[in-house]
């Protein structure tokens, strides 16, 4: 179930674990029974800090929203975006849904055993917000989607997921279609608010900047909040290369998992298929690798070739 919006941009949109679905659905409004259009856009795909937000906005096909000042959120000032979001949220003739994906959720799926790409996560989020709008009773017929990848492939996947809908997928849709512009504003305002709220809920201080790797304020904040072994707090996307580089020695403590070499066995790598791994720690300063022999130790540790932490440090 999605959480109802309350107070527009004044709502707490923090997201430090998992995902959140927040919405203003307009359930029961007569216009939702008429044919509707729906636009989809995202905010926060590239930052190393905070959540990624996918949002949709929807309204009746017969409603003209072209003169309301909706535009690509990146071209608007912070104040203008806030004002427009409040207007959208208060407008009973426009509904919206936002999928807030925490940094922890993104990293966990991209670095997990069954790795999931950011594109796959984005596709699932897009489906989730469209599905929520449909479940609310909105008679959506036409969907406009902004995309940064292969537009035709994305459209085909969405058409298979929702065979009853007509999809238009193209780059810069947030500049071409006002309903996508509205979704862009919703996504951006909630993304910015979620970053601030999440930082506060985690008790983290300091200026985070825009959250993008190229922002000096962001990289400074990352360095100030980095633990040499445990890495970063949950506000950070550990799967970003920016984090990997920062955690390399000598600033970080090297942690290396060495899988058995594949392809050495004539049977196609039986040792690799056994899934055994060796854990080794590198001391900052290049002291080299220390490994325990495993003699006299429990089978659990010997089978996994785990070494004693006391010996590593």
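Counting starts with 1 at the first residue shown.
Positions of Cβ are set from backbone N, Cα and C atoms, glycine also.
The feature domain 'RNase H type-2' is assigned by TrEMBL to 35-252. Averaged over the domain 'RNase H type-2' (35-252), the predicted model has a pLDDT of 95.
Within its own chain, residue 42 (divalent metal cation binding site) has 52, 53, 54, 55, 122, 125, 146, 187 as residues 6 or more apart in sequence whose C-beta sits under 8 angstroms from its own. What TrEMBL records for 41, 42, 146 is divalent metal cation binding site.
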Least buried by Cβ count (within 10 Å) of the binding-site residues 41, 146: 146
Residues within 8 Å of the 41, 42, 146 Cβ centre (excluding the divalent metal cation site residues themselves): 40, 43, 54, 55, 145, 147, 173, 174, 180, 183, 184, 187
